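Here TrEMBL flags Asn117, Lys118, Ile119, Asp120, Gly171, Leu172, Ser173, Gly174, Val175, Gly176, Lys177, Thr178, Ser179 as GTP binding site. According to TrEMBL, the feature Zn(2+) binding site maps to Cys253, Cys258, His260, Cys266. The feature domain 'CP-type G' is assigned by TrEMBL to 68-229. Annotation source TrEMBL lists domain 'EngC GTPase' at 77-227.
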Amino acid sequence: MNWRKGIVIRFHSNTLTVRDLETNINIECYLPGKFKLQKIRPIVGDYVEYVVEKNHEFGVIKNILPRKNELYRPKVANVDQVILVTSLKEPKVDYIIVDKFLVLVEKEQLDVVIILNKIDLLTSSEEKKDMQDFLNIYNPLYPVIPTSKITKDNIQLIKEVLKDRVSTLAGLSGVGKTSLLNMLDPDLKLREGDISPKLGRGRHTTTFAQLLPLKFGGFVVDTPGFADLTLLGIDKDEIKLYFPEFLPYQSYCSFSNCSHVYEPECAVKEAVEEGKISYIRYNNYCVIYKEMEQ
Ligand SMILES: Nc1nc2c(ncn2[C@@H]2O[C@H](COP(=O)(O)OP(=O)(O)OP(=O)(O)O)[C@@H](O)[C@H]2O)c(=O)[nH]1
Ligand SMILES: [Mg+2]
Ligand SMILES: [Zn+2]
């Protein structure tokens, strides 16, 4: 029998929807009991080998290929990159929220691209300066792409970033993650802006993660945004590793285990004073560190 290769794009009540990697056709597949006996449970994003049954109506999973990585929220395997969506107005996302997301991404060792969304709303000279400040801080560290669904800036560039990769969106509720996907691929027809104040999340957001195939190639996971962000499972002493701009300086600190918060003769603090490291980023690092001390 002919073994075919696919990627799991949905998984519900024991049926997997697998998208064939060659034909791009979706097929419902079932999971034989032996996987359950071996306690192997596929998740969205898994690459699988399957065979098509004689009637051509459904497939049977034969093999689940090893995962490159596995995210827990949302539960997805083989993610190539995180697209961190943020905005400076409606909502004005605090830099510390951005930095907390970046800490999580660095811990998972994932590539990240920051999308600064809703730039159509930044019209006053003060707001334009806010945008320039944002770019000055983050662009030396990560790629930052400004856009908006009104002005449609850089839409081609964003498509190139997503093309043929598995991406997951991240960002606070209301920053425009779903709108961005609809702008890039109108065929997706996802529901936007439907936020329940009681639940604090989109009313129609599906509770299970699914991979959305993009018509220009690649897959994306649209996640419900978070109202707040807690850094669970991270130790305060490892956070400094997730601020990549600190790393070139840390070996010059007087104390080998310097936290860069309290110690004297700290090379990271000196770099901040010399303007080589952003004061805002450093300050956020200290705030996160102290939050975790409590
Ligand atoms: N002015 C402006 N409004 C936008 C833009 N993008 C999205 N919006 C609006 O912002 C609101 C929230 O957009 P969504 O796309 O639902 O935001 P989301 O990030 O998916 O939110 P959650 O699903 O709750 O995480 C909607 O009313 C959108 O119309 C933009 O570029 N400019
Ligand atoms: Mg959404
Ligand atoms: Zn130090």
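Numbering starts at 1 and runs along the chain as it is shown here.
Yeah, the Cβs are placed from backbone N, Cα and C, and that goes for glycine too.
Context for these features, please: burial, neighbours, distances.
Other Cβ atoms within 10 Å of the Cβ of Asn117 (GTP binding site) number 25 in total over all chains.
According to DSSP, Cys253 (Zn(2+) binding site) sits in a coil region rather than a helix or strand.
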Other than Cys253, Cys258, His260, Cys266, which residues of the same chain sit close to Zn(2+)? List them in sequence order, counting a residue when its Cβ is within 8 Å of the Cβ centroid of the site.
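Output for this site, in sequence order: Tyr249, Gln250, Ser254, Phe255, Ser259, Glu263, Glu265, Ala267, Val268, Lys269.
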If you check the binding-site residues Val175, Lys177, Cys258, Cys266 one by one, which have a CB less than 6 Å away from any atom of ligand 2?
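Only Lys177 meet the Cβ criterion.
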Rank aside, I only need the closest one: which of the binding-site residues Cys253, Cys258, His260, Cys266 has its C-alpha nearest to that of Gly171 (GTP binding site)?
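Ranked by Cα distance from Gly171 (GTP binding site), first place goes to His260.
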Taking only the binding-site residues Val175, Ser179, Cys266, which have a CB closer than 6 angstroms to any atom that belongs to ligand 3?
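Once distances to ligand 3 are taken from each Cβ, Cys266 fall under 6 Å.
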Taking Cα atoms as reference points, which of the binding-site residues Cys253, Cys258, His260, Cys266 is nearest to Lys177 (GTP binding site)?
His260
